[in-house]
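For reference, the structure is listed below as C-alpha cells.
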Amino acid sequence: MAVALDIARQNPNAPVLAAVAAVPADDPRPSLIGLTREEMAEALIGAGIAPAQARMRVSQLWHWLYHRGVTDFAEMTNVAKDLRARLAGIFTLARPEIVAEQISTDGTRKWLMRFPARGAGRPVEVETVYIPEEGRGTLCVSSQVGCTLTCTFCHTGTQTLVRNLTAEEIVAQILVARDRLGDHPGGTAPTDGAMPSEGRAVTNIVMMGMGEPLYNFDHVKAALVIASDGEGIALSRRRITLSTSGVVPMIHRAGDEIGVMLAISLHAVRDDLRDVLVPLNRKYPIAELLEACRNYPGLSNARRITFEYVMLKGVNDSPADARALVRLLNGIPAKINLIPFNPWPGSPYECSDWETIETFADIVNKAGYASPIRTPRGRDILAACGQLKSETQRMRARERLALGAMVAGTAD
Ligand code: SF4
C-alpha cells in the first residue's frame with residue numbers, strides 16, 4: 001500500500017529544505033550503489049583492479065558505502081590514494097537530489113528525491129517516508145514510480161506506471177534517509193522533529209511506498225539483500241517487510257530468495273468486494289492468495305504474515321466482515337493491521353467511524369490476532385498509507401482539474 005509525498009503543498013508551514021548532494025543530471029559515471037557484491041567485483045575488475053584483489057576491495061568499499069555512508073572516495077582512508085582517485089574518475093557515489101524535505105506535526109518526514117536517468121529510462125521523482133516512534137524508526141520505501149495496479153482506495157493507483165526503480169534507486173532512498181537522520185557513524189540526529197529515544201534512527205524498512213514490489217522483483221531483491229548485509233546497513237531480515245497486493249506466483253520466491261517478512265494488502269474478505277478494492281484479485285483470488293501465504297517459506301508464530309486491512313466506511317467494516325476475516329485467516333500465523341482510511345483529493349471512500357473500527361478490532365483481537373489500529377501518521381503532509389503520489393503527477397492532476405474547470409466555465 002502506497003505512502004506518498006506531496007511536498008509542502010498540504011501543510012504550507014512545514015519546512016522544506018534545499019537540495020543536498022545532488023547527482024549532476026549529465027554525470028556519465030555509473031554508481032557503485034545498488035550493485036551486489038559479485039557485480040561490484042566485476043565492476044572493479046573492469047576498472048583495472050586485479051581479480052585476486054577484487055573480493056578484498058569489495059569488502060573495503062562495502063564498509064565505506066553502507067556502514068559509514070560516505071559519498072566521496074577521498075574519505076576511504078584504508079584505500080591507496082591513487083586507487084581512490086582512479087575509482088573517482090570512473091564511478092560516482094553521489095546521492096540523488098533531495099528536491100524537498102517535509103516534516104509533519106507528528107514527526108513523520110517525507111522526502112521527494114529526484115533520480116537522473118543514468119541508463120534507467122527517464123529521470124524520476126519518488127517519495128520516501130520516515131515514521132519515528134518510541135524505540136523504533138520505520139522507513140517506507142518506494143519500488144516503482146506510479147503503479148500498474150489500480151487499487152481504488154490508493155492515491156498511487158491513480159498514477160500510471162512511469163518505470164521500475166533500479167536497485168541503486170531503492171538503496172539510495174535508505175542511504176539518503178540515514179544521511180538526513182544522522183544514522184551513519186558520527187552523524188548528528190536532527191533536532192527539528194521527533195526521533196527514537198535511543199539506538200539507530202532507521203530500525204525497520206517497509207516496502208510499502210509507491211508501487212508493487214513483486215512487479216520489480218530483481219531490483220527489490222538486490223536492494224533488500226544489500227540492506228540486510230551484516231557488513232553494511234545491517235538490518236535484520238525480520239525488520240524488513242515486503243508488502244504485496246497479492247502477486248501470487250512471486251510470493252514463494254520472495255520468501256525463498258529474499259527471506260524478509262511478508263505483508264498482504266488484503267482489505268476485503270469476499271472476492272466480489274476485493275475485485276473492486278484490489279483489482280489484481282480478479283487474477284489471483286483470495287483462496288489462491290491465502291494458499292500462497294500458508295506456503296510462505298519460514299512462516300511460523302515468530303514470523304507471522306501481516307494482513308493489512310483499510311477501514312472503509314460502510315464498505316468492509318461490519319462486525320460480520322471482522323468475523324469472516326477471523327475465519328479466513330484460521331491456521332495462518334498472522335497479524336492484522338487495521339488502517340483507518342487516509343482520504344486524498346477525489347477519493348471515493350470515507351474512513352470508518354472510530355467506534356466501528358474499535359468494534360472490528362475487538363472481534364479480531366478476541367480471536368487471538370494482534371491487531372493494532374495503525375494511527376494515521378503524516379496526514380498533514382500526505383505521507384500516510386495510500387496517499388503517495390509523485391509531485392509531477394500531482395501537478396498534472398491539478399492542471400487537469402484547472403482545465404476541466406475552465407472548460408466547464410466556458411460551457412456555462
Ligand atoms: S495499494 Fe495497489 S495501487 Fe497502491 S501502490 Fe500498492 S499495489 Fe499499487
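Each Cβ is built from the backbone N, Cα and C atoms, and glycine gets one as well.
Taken from TrEMBL, the feature active site, proton acceptor covers Glu127. For Glu127 (active site, proton acceptor), the count of additional Cβ atoms within 10 Å of its Cβ stands at 33 [all protein chains shown].
The annotation domain 'Radical SAM core' is assigned in TrEMBL to 133-382.
Summarising the annotation, TrEMBL assigns [4Fe-4S] cluster binding site to Cys147, Cys151, Cys154. There are 30 other Cβ atoms within 10 Å of the Cβ belonging to Cys154 ([4Fe-4S] cluster binding site).
Residues or ranges marked as S-adenosyl-L-methionine binding site by TrEMBL: Gly211, Glu212, Ser243, Ser265, Leu266, His267, Asn342. Around the Cβ of Glu212 (S-adenosyl-L-methionine binding site), the number of neighbouring Cβ atoms within 10 Å comes to 28.
Per TrEMBL, the feature active site, S-methylcysteine intermediate maps to Cys385.
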Where the C-beta lies under 6 angstroms from ligand 1, the matching recorded positions among Glu127, Ser243, Leu266, His267, Asn342: none
For the domain 'Radical SAM core' (133-382), the mean pLDDT of the predicted model: 94
CB contacts for Ser243 (S-adenosyl-L-methionine binding site) [other CB atoms within 10 A, all chains]: 24
Asn342 (S-adenosyl-L-methionine binding site) CB neighbourhood, other CB atoms within 10 A: 23
